[in-house]
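Features of the protein shown, as given by TrEMBL:
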TRANSMEM  12-33  transmembrane segment
TRANSMEM  39-61  transmembrane segment
TRANSMEM  73-94  transmembrane segment
TRANSMEM  106-126  transmembrane segment
Amino acid sequence: MVSSLALQMSLYFNTYFFPLWWVSSVMMLQMKYSILPDYYKFIVVTVIILITLIEAIRLYLGYMGNLQEKVPELAGFWLLSLLLQLPLILFLLFNEGLTNLPLEKAVHIIFTIFLTFQVVSAFLTLRKMVNQLATRFHLQDFDQLSTSRGSMRRMRPCIEEI
């Protein structure tokens, strides 16, 4: 069993935190929508929609990859987290033009902490899974080699009789 309990707990709590993050982000966007420039209005709405879609896929891949010990799913989870979610949430957190409200900063910081922890723990879990799969592969080759040598030893006396 190579799946990570820490990663699974983080995914579980993230599943319950994400709707809270979404509601607070949409409410804060509604409050400050009139004071945002037009280009920031478009960007923020697009980023929130992207984060919502990516998060659903990311959490599914994280659950499947970790619980069923599937390397491709966990690798997809890790890549989505590192290359898409983290930059998007950091944009929302650190962009000064968005005039972030205190609640917004708080939920973005919590979401960033979740993402950072999940990126690190998913990497460690992936490394452990890949090492275990490589060990299984080499042991399987070794077993096949030893069984073929055993059959050759049994065949050798028969060949000598002929």
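Note that Cβ sites are derived from N, Cα and C of the backbone, with glycine treated the same way.
What you are looking at is a predicted structure, and each value in this text was computed from that prediction instead of being measured.
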Self-check item: Non-local residues, at least 6 beyond the ends, that sit with Cβ under 8 Å of the transmembrane segment (12-33)
Solution: 41, 44-45, 48, 52, 55, 59, 92, 98-101, 103-104, 107-108, 110-111, 114, 118
Quiz item: In terms of Cβ proximity under 8 Å, which residues at least six beyond the ends of the transmembrane segment (106-126) contact it?
Solution: 2-4, 6-7, 10-11, 13-14, 17-18, 20-21, 24-25, 62, 65-66, 71, 74-75, 77-78, 81-82, 85-86, 89-90, 92-93, 100
